[in-house]
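Record features, source Swiss-Prot:
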| type | residues | note |
| --- | --- | --- |
| ACT_SITE | S119 | active site, charge relay system |
| ACT_SITE | H160 | active site, charge relay system |
Amino acid sequence: MKKLFLASSFADVFDLFLDFAGNIQNKSITFIPTASKVEEVKFYVDDARNAFLQQGAFIDELDLSTASLAEITDKLAKNEMIYVSGGNTFFLLQELTRTGTAQLIQQHIQAGKMYIGESAGAMISAPNIDYVKYMDSLDQAPMLRDFTALNLVDFYVVPHYTNFPFVEAAQKIIDTYSTTLPLQPIDNHQAILVNNETKIIRGNHKG
């Protein structure tokens, strides 16, 4: 049972998440803000954290760039959901790969644990993130040699479609890859709900 909630701006679609996930009071969430660690703008991490807390969920923060493998393994195993924040997708993949977390997350998702991905956390669910180079800087991930990502879905999320300040970047991705990759653009008020192999787009496009 594979269950994913993929969004551009999690706080803006939190109601859609609750419709999808149900009551999250007392649910424990492995909260991974790693992608934001190399970004100057990171308000979205606090917004997501606060949204969970206001519904009575427990946040168990996990920064892959500093955590040990034992800590990573323990937190992913004991908590009920996995949330991966926005930020730099290449830095996120570098740390997922370096720590071995990518394989652990794949195993937990295949076993039925819910995955929640916001922006970079949504794009990392694709088979490969080479297409993200028009939105994120590779300079933040000097150790990254392979763009193979989590491969949780068979499509490629393009977040923030028509939303400032990513209008040009999102359109460049679409112009470049629309004929070669199964892209799925979503704006800040839309989300992709995945149940096994079924994909549903929720929310109204407001571009």
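Using N, Cα and C of the backbone, Cβ positions are placed for all residues, glycine too.
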How far is it from S119 (active site, charge relay system) to H160 (active site, charge relay system), counting Cα to Cα, in Å?
8
Those active-site residues listed as S119, H160, and which of them has the most Cβ atoms within 10 Å of its own Cβ:
S119
